Amino acid sequence: MAQARTPLMAGNWKMNLDHRQGTHLVQKLDWTLRDAKHDMASVEVVVVPPFTDLRSVQTLVEGDRLALRYGAQDLSPHDEGAYTGDISGAFLAKLGCTYVVVGHSERRDGHGESDELVASKAVAAYRHGLVPIVCVGEGLEVRQAGEHVAHVLAQVEGSLAGITPEQAQTVVVAYEPVWAIGTGEVATPEDAQEVCAAIRGKLAELYSVETADKVRVLYGGSVKSGNVASIMAGADVDGALVGGASLQPEEFAAICRYQQHLTA
Ligand SMILES: O=C(CO)COP(=O)(O)O
């Protein structure tokens with residue numbers, strides 16, 4: 001079952017790196033991975049830059065035929081029109097994006113995004129041929145109250161509303177406990193596995209066991225090269241959504257090469 005899912009390492013740059021810095025990072029990341037003879041078919045590598053970097057990243061990736069993929073950090077639920085400051089999935093598709101992050105906690109908390117809005121963004125992503133990386137995760141109080149699994153599963157159900165069984169086969173879900181984001185406090189491998197397994201169980205309930213077995217469930221929150229291998233050991237953890245550590249190309253490449261740490 002598990003071997004059917006290709007591990008996915010996605011670097012969410014958040015509001016860091018302008019387009020010049022971004023292209024420099026992508027070049028260095030590519031060189032580092034090439035030097036290591038990294039096989040993208042065994043671990044997929046994705047960068048998620050700010051919108052303003054995407055055109056430059058596209059030019060580089062297409063021009064130099066780089067094997068890594070890229071995506072955006074958000075999109076509008078609408079396709080076009082009077083939505084000042086918003087970005088359509090149609091534009092992202094034109095820029096060659098494969099993925100788009102929706103429902104990151106920094107948008108849920110900082111911009112009041114509800115599960116309903118996140119779901120409409122995920123639906124919009126599929127409308128334009130993009131694969132949504134749907135983020136869920138509990139805050140510290142919820143975790144301390146022991147309600148984290150129920151909280152996350154409700155978010156999964158709400159945030160996937162309107163996603164068809166066919167679309168669900170390719171969706172990516174990222175479990176990012178808010179208390180672990182940017183804090184250096186990583187979830188234990190057991191914590192990550194517990195929630196990722198519960199998410200897969202929920203997907204089986206919402207869709208089917210076969211579909212749930214295809215979905216990649218990522219962990220995010222203070223992932224580094226030093227802790228990624230133990231987190232990836234969880235049978236239901238299929239990759240990582242990496243913030244801070246993805247801003248350093250060698251460090252992010254080492255995260256993508258986590259299987260080497262296992263034998264090193
Ligand atoms: O929010 C995250 C990725 O989306 C995680 O951020 P950090 O890796 O910096 O904790």
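Yeah, the Cβs are placed from backbone N, Cα and C, and that goes for glycine too.
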Fill in: Matching residue for the substrate site, where TrEMBL names Asn12, Trp13, Lys14, Ser222, Gly243, Gly244 - out of Gly182, Gly201, Gly234
Gly182
Worksheet item: Per DSSP, to which secondary structure element type does Asn12 (substrate binding site) belong, with helix, strand and coil as the options?
Response: strand
Worksheet item: Between Asn12 (substrate binding site) and Glu176 (active site, proton acceptor), what is the CA-CA distance rounded to a whole number of Å?
Response: 12
Item to complete: Select, from Trp13, Lys14, Ser222, Gly243, Gly244, each of the binding-site residues with a Cβ positioned under 6 A from at least one atom of ligand 1; if none does, say none.
Response: Ser222, Gly243, Gly244
Discussion item. For a quick check of packing: other C-beta atoms within 10 Å of the C-beta of His104 (active site, electrophile), how many?
Written reply: 28
Worksheet item: Relative to the mean position of the Cβ atoms of Asn12, Trp13, Lys14, Gly182, Ser222, Gly243, Gly244, the recorded substrate site, which additional same-chain residues have Cβ within 8 Å?
Response: Asn16, Ile181, Val242, Ala245, Ser246, Leu247
